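Participant: Sharing the feature lines straight out of TrEMBL:
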| type | residues | note |
| --- | --- | --- |
| ACT_SITE | 187 | active site, proton acceptor |
| BINDING | 11, 12, 13, 14, 15, 16, 17, 105, 112, 129, 130, 131 | NAD(+) binding site |
| BINDING | 92, 98, 131, 162 | substrate binding site |
| DOMAIN | 5-152 | domain 'Lactate/malate dehydrogenase N-terminal' |
| DOMAIN | 156-320 | domain 'Lactate/malate dehydrogenase C-terminal' |
Ligand SMILES: NC(=O)C1=CN([C@@H]2O[C@H](COP(=O)(O)OP(=O)(O)OC[C@H]3O[C@@H](n4cnc5c(N)ncnc54)[C@H](O)[C@@H]3O)[C@@H](O)[C@H]2O)C=CC1
Ligand SMILES: O=C([O-])CC(=O)C(=O)O
C-alpha cells in the first residue's frame, strides 16, 4: 500500500463538497491503492454540518480513508496538502452570470492562496471550482508567489463532459468512444466548445453532424447547460460538478489516455494567441503528474472570434479584481 496523500477540500459541507468527500474516500480520484487523508475546510457557522460529514465518513468505513481533519482555519486545511480542491464559494441563482459572483467570491481566494503558499506541499495540485473559477484561480495563484503558477488550474472539465454527452446523443455513439473534445476559454457562457478535432468512433466529428446543429444548437446548449440545470433543479450542478472535479485531478495525477485530450483552465502562456495574465481553458495532455497544452491546432476565423471573445471576458474579470492580484 502507498503512503497516504493529503487532499484538502474547501466548502466541504456544501453540495459539491458532500459528493466529493465520499467519492475521493472511495478511491475514485487517485485509484484503489492510494490512501487519502481528507482535510476539510468550512466557514465557522458550517462547522456543525461539517462534523456531520466527518461522522458519515467514519460510518462509511472506507478502506482508503487514512484520516479526516475538519477545520475553519485554511492553514490547517492546507497543511502539507498534495491536492487542494477549492470549492467553497457562493453558487449563482437563476438569471445570474457566474461573473456576477466575483465581488463576493473573489475575496475568498486571496487568503486561501496565501495559506497554500505558507503550508501546502510545494507540488500541490490546485483545482478551483468556485465561480467564477478561472478568475478565482488567478487570484489564488497571485497570492501564492512561492508556488509554481502551473500548480493552479480551474475547472472546465464539466463543460468538456457536457460536450461529450451532447455529441454522443446526437451521433448515437457512446460518449466513451469520443476523443479530442476541446473547451476553449472561460467557464462561462462565452466558452467555445470546439468539435473540429473530435473523433467519434475514430472518425472526424464534423463529418457526422451538420454545421447548423453544431453552431446553432450544440455550442449554445453546452454554454448554457449550467443555467439549464439551475432551472431544472432549483440549484446548480453538484454531483456532475464533483464528478468532473474528480476527473480533472485524476487525469492530472494519473495521466490522460493515449490519443485523447482533456480540457483544463491553466495559465495562458501565449499559446493560440492568448497572452499571459489569465487562466484559460485549453486542450491538455497529462503525463508524469504534469500537464501540457496541445500545440499546433488550426484556428479558423470562426474559432478565432470565439476564442478572443472569451479571452476578452477573462481580461474584464481580471480588471474587476485588479486590487486582489
Ligand atoms: N467550475 C464549475 O464547473 C462549477 C462550479 N460551481 C461552483 O462551485 C461553488 C460551490 O457550489 P456548491 O457546492 O453548489 O455551493 P454550496 O453553497 O452548496 O456550498 C458551498 C460551501 O462553501 C462554503 N464556503 C463559503 N465560503 C467559504 C470559505 N471562505 N472557505 C471555506 N468554505 C466556504 C459554504 O459554507 C458552503 O458550505 C459555487 O461557486 C458554484 O458556482 C458549481 C458547479 C460547477
Ligand atoms: O452554472 C453554474 O452556476 C454552476 C456551474 O458552474 C456549472 O454548472 O457549470
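Heads up, the Cβ atoms here are built off N, Cα and C, so glycines get one too.
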Participant: I need the nearest neighbour of residue 11 (NAD(+) binding site) among the recorded positions 92, 98, 131, 162, 187, using C-alpha distances.
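Facilitator: Among 92, 98, 131, 162, 187, 131.
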Participant: What kind of secondary structure is residue 17 (NAD(+) binding site) part of, going by DSSP in three states?
Facilitator: helix
Participant: Please list the binding-site residues from 11, 13, 17, 92, 131, 162 whose Cβ falls under 6 Å of any atom in ligand 2.
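Facilitator: The binding-site residues passing the 6 Å Cβ test are 92, 131.
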Participant: Cβ-Cβ under 8 Å from residue 131 (substrate binding site), same chain, 6 or more residues apart: which ones?
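Facilitator: Non-local contacts for residue 131 (substrate binding site): 89, 91, 92, 98, 101, 105, 187.
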Participant: Mind looking up the mean pLDDT for the domain 'Lactate/malate dehydrogenase N-terminal' (5-152) in the predicted model?
Facilitator: 96
Participant: With DSSP assignments reduced to helix, strand and coil, which class does residue 131 (substrate binding site) get?
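Facilitator: It is coil.
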Participant: If I take the alpha carbons of residue 130 (NAD(+) binding site) and residue 162 (substrate binding site), what is the distance between them in whole Å?
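Facilitator: Cα-Cα, rounded: 18 Å.
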Participant: Once the chains shown are all counted, how many other Cβ atoms turn up within 10 Å of the Cβ of residue 17 (NAD(+) binding site)?
Facilitator: 25
Participant: Please report the distance from the Cα of residue 13 (NAD(+) binding site) to the Cα of residue 162 (substrate binding site), rounded to the nearest angstrom.
Facilitator: 25
